[in-house]
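Some notes on the structure that comes next.
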Amino acid sequence: MALRTLFSKKAFTTASGFRPIAAGDRCFLRQARGLTVAALPDLAYDYGALEPAISGEIMRLHHQKHHQAYVTNYNNALEQLETAMAKGDASAVVRLQSAIKFNGGGHINHSIFWKNLKPVNEGGGEPPHSTLGWAIDTDFCSLEALVQKMNAEGAALQGSGWWLALDKGSKKLSVETTANQDPLVSKGANLVPLLGIDVWEHAYYLQYKNVRPDYLKNIWKVINWKYASEVFDEETA
């Protein structure tokens, strides 16, 4: 199934000039007027298609329950924000920013995460070639060195996840971590997420229990390097 639009266009009208917190994904429509409602995206594969690396049960719960909760809470926060702005309640407007950032960030991060995964029989786990492969060799010496670095940081992280990022200014790759559900843009406006891995327990605990390193080892078998390469080529063109 094709990925649906992440945000539907008619949503909540707001006072002129008010804009949502920058969420770091091009699916956010940055309009001077109006806030945009989030929608749960379809997956491009069945829930069980990533087994044995990630179980179908985990994928179903992760998508239908956890991601859906971010979508619902984000939309609810937007509705509350519209009401607060209509009333001129500045304290409520400020208070609601954290809910918008957390749930909007969770929606964006998960939407990228789903696209970073692909079944093995469709090319999941195949290493990157061409420009992204060369960039990885240049900035990390090898793909193996990059994977080791990301696994080490992911195993130690107390937060939502880590990213293989592209700095659009320097054209350099880096490994970045984010807390809570902060989108990558919160660490720098030039940072573009190429590959993100969710390391919250809901992403792996039913299958891997407390052995997060095993989850990190196996997820590379279903990584969609083609998607990461397409984003890299688009952003460096």
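Cβ coordinates are placed from backbone N, Cα and C, and glycine is handled just like the others.
Here's what TrEMBL has on this protein:
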BINDING   H62, H110, D198, H202  Mn(2+) binding site
DOMAIN    40-117  domain 'Manganese/iron superoxide dismutase N-terminal'
DOMAIN    130-230  domain 'Manganese/iron superoxide dismutase C-terminal'
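Within the same chain, the residues at least 6 positions away from H202 (Mn(2+) binding site) whose Cβ sits under 8 Å from its Cβ are L61, H62, H66, listed in sequence order. Fewest other C-beta atoms within 10 angstroms, among the binding-site residues H62, H110, are seen around H62. Other residues of the same chain near the Mn(2+) site, with their Cβ within 8 Å of the Cβ centroid of H62, H110, D198, H202, are H63, H66, H67, F113, W200, A203. Of all Cβ atoms in the protein chains displayed, 25 besides its own lie within 10 Å of the Cβ of D198 (Mn(2+) binding site).
Under DSSP, the residues of the domain 'Manganese/iron superoxide dismutase N-terminal' (40-117) split into helix, strand and coil as follows: 62 helix, 1 strand, 15 coil.
The DSSP breakdown of the domain 'Manganese/iron superoxide dismutase C-terminal' (130-230), given as helix, strand and coil counts, is 53 helix, 23 strand, 25 coil. Within the model, the domain 'Manganese/iron superoxide dismutase N-terminal' (40-117) shows a mean pLDDT value of 96, rounded to a whole number.
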